[in-house]
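A.B. asks: Before I ask anything, let me first share the structure, which is written out below as structure tokens.
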Amino acid sequence: MSVQTIPGVAILGPVTAEQASILSPEAQLFVATLHRTFNPRRKELLKRRDERQKDLDAGRLPDFLPETAAVRADPGWKCAPPAPGLVDRRVEITGPVDRKMVINALNSGATQYMADFEDSHAPTWDGNLEGQVNMRDAVRRAISYTGPNGKVYSLRTDGKLATLLVRPRGWHLVEAHFMVDGEPCSASLFDFGLFFFHNAAATLAAGQGPYFYLPKMESHLEARLWNDVFNASQDMLRLPRGTVRATVLIETLLAAFEMEEILYELRDHSSGLNCGRWDYIFSFIKKLRNHPQFVLPDRSAVTMTSPFMDAYVRLLIKTCHKRGVHAMGGMAAQIPIKDDPAANAAALAKVRGDKEREVVAGHDGTWVAHPALVPIAMEIFNKHMPTPNQLHVRRDDVTVTAHNLLDVRGGALLAEGGITEKGLRDNLSVGLAYMENWLRGVGCVPIHNLMEDAATAEISRSAVWQWVRHHARTRDGRVVTAAWVNDLLAQELDQLKSKMGAERFARSKYPLAAQLFQSTITGDAYSDFLTTLCYDHIVTKTPSRM
């Protein structure tokens, strides 16, 4: 249908009647105002990322910032106290914003649900708008869904719904279908702005507030930008400052060196930090990709007990509790394996071990990707954390240096874990499968009994790129070359074609996924994000509606 647009705004995608209410003139003005006010700074900060990468490539390794030492040394400042619905966060479930998922996640028994417009969501125009419709209905407890088989999904009525948090897309992304003054809108401001405009007051009326997760930040200056966005948004809607609460995912290497500064910038709006561990591994590879001493082994060999990962976790817990906010643990990506009891038992044992390690270390809560894991994680946190959180666990015993955050034991981690042909094939298989789904508009994909999001493909292609660039050797001594990688990728495609049939394969997105994936795994060109590399292929522009 036609959507009335305000001056300076062009909507370049199809809009249904229901979606049109999300794109009301008032909502357009709110988003456009945020974009006009803050997009210049966003672009400056993205340029700063590029400059920092050049420094890293030249050998200037990350370190704690001397210019912000006073912030780290000052014991007097604290972040805001936990907001209603965020005092006890022992088990959070995450997932995309499709309607059935939203209902199941809110009903799951988890303490919170992070509704994801980012890595577990392929940002198609229709999917983004439907997600905002679903958020509006969920906040008002007016959401239901009838499946193709006639099964009806509705919200439980016993008062045990998860608290809703929303993750907008990162600063590096744009929304190509929503143009402001001739340029695409910041995807972060689009996602945040629409949710905040339609739902901030309603969340407060329900006794909670507009709560967010903030992804992919690389510096405290990017956190400062978010804080200014929050203040401006609250002022425009005449809401008290401090109404917004946001948890920052520490999922980039550079952000790990600025945890306290990030909390300081957001302190009146902060609800803590989260160990975004899969993206963190991706960022570690990406940022240090030109240095052979930081080559990592197979993904399966990089665990939370690896020195650089263990240091990152310990520093995050200490930092959060020092400043009075929650330290959230990482994702358990396992999903039930229904047809293999032994494999299912082994997978659940891994979940139990992971969650026990987190709670004993001092985390205040954790993440799961599947409702079946909620009771398991809940049981473990209930056993080891009888209080609503562990903010009292100060971890004053922890000292983490820059060396610790970069510690791969001088290459010993690679030697111990090793690169294998199986690991190489798995990277190609998983990366290709995820990208094919993403290009079809599916951002949360079960692969090899794990619920994978974009971080999976990012680790897969970055590891392969790194191995090829530095002529890494497998355990049996074979050098990982571009020619070998291309040959294995061709074998994977041949197997898929044989399994699917030539006609179905041709209709799939595998040929396109292979083309895009191959372009960034052979040690030459490197795209910062697969999502930006692939985004134009899911854009569905139509003539501007005025």
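The backbone N, Cα and C atoms fix where each Cβ goes, glycine too.
Pasting the relevant annotations from TrEMBL:
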type: ACT_SITE; residues: Arg167; note: active site, proton acceptor
type: ACT_SITE; residues: Asp453; note: active site, proton donor
type: DOMAIN; residues: 8-69; note: domain 'Malate synthase N-terminal'
type: DOMAIN; residues: 163-407; note: domain 'Malate synthase TIM barrel'
type: DOMAIN; residues: 419-538; note: domain 'Malate synthase C-terminal'
A.B. asks: Which chain-mates of the residue listed as 'active site, proton donor' that are at least 6 residues away have a CB under 8 A from its CB, listed by sequence?
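C.D. replies: Listed in sequence order: Asp116, Asp119, Ser120, Trp278, Gly443, Cys444, Val445.
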A.B. asks: In the domain 'Malate synthase C-terminal' (419-538), how many residues does DSSP assign to helix, to strand and to coil?
C.D. replies: 78 helix, 8 strand, 34 coil
A.B. asks: Long-range neighbours only, meaning 6 or more apart in sequence with Cβ under 8 Å: which ones does the residue listed as 'active site, proton acceptor' have?
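C.D. replies: Result: Thr94, Met114, Ala115, Asp116, Phe117, Glu118, Phe212, Tyr213, Leu214, Pro215.
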A.B. asks: By DSSP assignment, list the helix, strand and coil residue numbers for the domain 'Malate synthase N-terminal' (8-69), in that order.
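C.D. replies: Counting residues by DSSP class gives 41 helix, 3 strand, 18 coil.
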